[in-house]
Amino acid sequence: MPKIFRSLYVQVIIAIVLGILVGALFPKFGEALKPLGDIFVKLIKMVIAPIIFATVVSGVAHMRDTRKVGRVGGKALIYFEVVSTLALIIGMVVMNVLRPGAGMNVDPATLDTAGLTKYTEAAGEMTVWDHILKIIPDTLVSAFTGGELLPVLLVALLFGFALMRLGKLGDQILYGIDALNQVVFVILGFIMRLAPIGAFGAMAFTVGKYGLKSLTSLGYLMGSFYLTCLLFIFVVLGLIARAAGFSIFKLIRYIREELLIVLGTSSSESALPRLMMKLEHAGAEKSVVGLVVPTGYSFNLDGTSIYLTMAALFIAQATNTPLGLGEQLSLLAVLLLTSKGAAGVTGSGFITLAATLGAVGHVPVAGMALILGIDRFMSEARALTNFIGNAVATLVVARSENAVDMNRLTRALNGEDLPTTEPDVASEERGEGREIDSSRPVT
């Protein structure tokens, strides 16, 4: 096999193209391939919890200073709030300028809302206190079985703080956790070999079920959304990255394989473990990566923020629902809360939109039926923007803490120092992997 075809990057591109062709030419067969994408995403989710746990525990325990943990977490949350609020405002401004829904004159009473039931029910079942209580698991073990990131993060933080107090015994336990992390990353390498198959199945299902026509229907909204995401990435995040001393273009090139996985699965969560690995390799301290990335997947979803304001205003415009400045500010205030509860998984943005419209009351929830058919295609842009946003956030916070080796970052982004833990690299077969952190002695 030519060397170029051994690259995961090339394999995923080929898989996505083949998936589109199969879905377009054989729709029923394409729909039947959905389990391929589901299996890959489930396999990735299987290792996310142990990776986050081991990384956060190791990072917190090695910091030794609880004030530094609080400082890093505080900086991350402030960054998340400022940038995601900016994303919400940008989406709102674009919709007020372009007004893609104006002139549709849709009567909400005539819309078929049968397909919305599962989303509105899921949104209506959760209150603010329910979201808070979800962070606290019933048991230490249940944090790893519920499929949520925040409970794992909470347990990992507590575990890391506890190890800081245990002294030599904590050192021994920490060595074992670092070894566990290495084992899980080897497992991740096995799973990533299936990435092209997962991307193929997910893309074939999407095109097969919704058809290529759904790519062009309501195209003005889709075009506006994709354009807004691109502007946000290359202008807003680009300026932030430049201020922090790195190039957004080089960063995107550095994480291109992960971006293709996100594109194929429509889930930014599917590439979370590899993002953490690559940011560490690029020179960001493990402790900062372990805190910022998992937290960002709940609090720093820039693409979802843009989508929520644009979708809400599109529905209002299409149904001739007048929204003055006061109503739009009210919508923005609600979105500042609801957007923080959206996970980086497929469909979560639509559920969050249902919760937002239900809470605001001005915009008819039935109008969501207008975008149900194209939501799956907008999901790709949401996931990609979320993913890039979290990569930028981690490096910015690390830079503010002097917790990133800028020379190493420059070499990595220039392609001079690439990770050697790709799933198709021979070193994996020789048993080489991530180095166990043994900076704390085992006695």
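Glycine residues also receive a Cβ, built from the backbone N, Cα and C atoms like all the rest.
Since the structure is predicted, the reported quantities are computational estimates derived from the model, not experimental observations.
Swiss-Prot lists 427-443 with the feature compositional bias 'Basic and acidic residues'.
According to Swiss-Prot, the region 'Disordered' annotation covers 415-443.
As annotated by Swiss-Prot, transmembrane segment applies to 7-26 (among others).
Positions annotated as transmembrane segment by Swiss-Prot: 46-63 (among others).
Long-range contacts of the transmembrane segment (76-98) within its own chain (CB-CB distance under 8 A, at least 6 residues past either end) are made by residues 220, 224, 227-228, 231-232, 236, 240, 291-292, 295-296, 299-303, 305-310, 313-314, 317, 328, 331-332, 335-336, 339-340, 389, 393, 396-397. Feature annotation from Swiss-Prot assigns transmembrane segment to 76-98 (among others).
The transmembrane segment annotation in Swiss-Prot covers 140-162 (among others) and rests on sequence analysis.
Note on the transmembrane segment (183-205): residues 8, 11-12, 14-16, 18-20, 22-23, 29-31, 33-41, 43-44, 46-47, 50-51, 54, 260-261, 263-266, 270, 273-274, 277, 421-424, 428, 433-434 of its chain, located 6 or more positions outside it, place their CB under 8 angstroms from a CB of the stretch. The transmembrane segment annotation in Swiss-Prot covers 183-205 (among others).
What Swiss-Prot lists as transmembrane segment is 218-240 (among others), and the listing cites sequence analysis. Beyond the transmembrane segment (218-240), the same-chain residues lying 6 or more positions past its ends with a Cβ under 8 Å from any Cβ of the stretch are 83, 86-87, 90-91, 94-95, 98, 100-101, 248-249, 252, 302-303, 306-307, 310, 314, 370-371, 373-374, 377-378, 381-382, 384-385, 388-389, 392, 396.
What Swiss-Prot records for 350-372 (among others) is transmembrane segment, and it gives sequence analysis as the kind of evidence.
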Exercise. Please check if the transmembrane segment (46-63) comes into contact with the transmembrane segment (7-26), where contact means 3 or more CB pairs closer than 8 Å and the residues in each pair are separated by 6 or more positions.
Key: no
